[in-house]
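> Residues or ranges marked as FAD binding site by TrEMBL: 232, 245-249, 285-292, 382-384. Marked as coiled coil by TrEMBL: 61-88. Positions annotated as compositional bias 'Basic and acidic residues' by TrEMBL: 190-202. Summarising the annotation, TrEMBL assigns domain 'Photolyase/cryptochrome alpha/beta' to 3-141. Here TrEMBL flags 184-206 as region 'Disordered'.
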């Protein structure tokens with residue numbers, strides 16, 4: 001009897017370095033490739049109705065649509081197809097019905113640090129005890145077993161984490177491109193097919209389109225075509241423009257490219273072109289991502305807690321008028337307003353800009369940081385649950401910041417990063 005397997009695509013919208021998909025392909029005779037659209041809220045404790053927006057905005061919807069279309073094109077080249085379903089009652093329920101209706105033998109899924117993603121996988125295993133489950137971690141540079149400390153002893157701040165990992169850990173090896181898959185299976189459908197939404201937004205940056213193909217092009221562009229990597233440390237704090245940073249975060253967040261692929265490319269660039277502070281600094285940023293991912297696993301639901309994992313006292317609150325001003329870019333703080341208008345129109349904001357608008361949200365406006373985090377979740381193309389909520393807790397003084405209170409002087413920051421007010425003038429007049 002033929003063995004039929006499901007690969008459940010989530011944040012792994014790629015064929016390169018997709019260990020879970022490769023492992024499934026070796027164990028079954030037929031593969032069903034599935035993506036299930038979900039609109040589940042991530043933060044369990046806030047009143048989403050106050051936010052007046054969906055969980056996912058048009059910029060991220062557009063990028064996801066492009067990523068899924070690109071993945072399907074790659075799968076079709078291997079004789080496969082991507083089936084997109086709506087979650088209906090829940091993602092797990094949709095999968096359970098599919099498994100039972102189609103005599104499925106195995107299911108594979110990429111491990112992801114997100115609390116919801118890990119919970120879904122555990123509930124699925126409990127619901128289908130006789131199924132073979134395959135899960136590998138290609139979403140991180142290091143497997144949990146490769147970390148130089150048990151998870152409950154993970155350092156609370158970045159620097160000791162970085163030093164121990166750099167000294168004592170070895171990156172997981174990259175998994176080669178999937179170049180063949182078992183044939184598809186004509187399944188009995190138990191959930192409604194997802195309607196493919198029209199692309200409701202056009203990219204402000206023409207190169208910021210979803211998909212593994214675009215991710216590879218951008219990696220080659222930033223490293224090999226332009227040598228921009230060699231000056232990254234000097235340009236990374238720019239507020240606008242395509243070339244001041246790698247722009248890989250959106251593709252990493254959707255799993256169109258793996259961090260190991262990026263890290264290996266940096267190493268190869270250092271061997272062939274140059275090795276300097278800038279090449280290290282891009283890897284340094286990957287380590288920040290790694291740190292927040294493992295912190296998210298360690299802290300669990302407290303990653304969304306207003307008081308943070310250490311339950312620190314915090315007096316901020318929600319004020320609808322101030323919140324709306326911040327979202328709309330009408331706070332009266334020019335640098336903040338320019339950054340927010342950039343975000344609303346493009347789905348992107350520089351790392352420096354994110355720090356400034358978050359600092360204003362928490363300190364000048366004294367607002368509950370969780371509502372700022374959910375707005376980023378809505379607007380950012382490169383939304384990553386661990387990095388987003390980890391960075392917001394960091395700026396709010398309840399997370400991984402060893403100083404505990406990080407307030408930026410908006411006047412001085414403007415003078416340093418936008419001395420001619422070119423960025424402010426560009427976005428405030430639009």
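Every residue gets a Cβ built from N, Cα and C, even glycine.
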> By DSSP, how many residues in the domain 'Photolyase/cryptochrome alpha/beta' (3-141) are helix, how many strand, and how many coil?
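Residue counts in helix, strand and coil order: 54 helix, 29 strand, 56 coil.
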> Measure the Cβ-based neighbour count of residue 232 (FAD binding site), defined as the other Cβ atoms within 10 Å of its Cβ.
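Excluding its own Cβ, the number within 10 Å is 22.
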> So of 288, 291, 383, which of the binding-site residues has the fewest other Cβ atoms within 10 Å around its own Cβ?
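Taking 288, 291, 383 as the binding-site residues, the minimal 10 Å Cβ count falls on 288.
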> Mind giving me a neighbour count for residue 285 (FAD binding site)? Other Cβ atoms within 10 Å of its Cβ, every protein chain shown.
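Result for residue 285 (FAD binding site): 18 other Cβ atoms within 10 Å.
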> Taking the Cβ of residue 247 (FAD binding site) as reference, which residues of that chain separated by at least 6 in sequence fall under 8 Å from it?
205, 207, 208, 218, 222
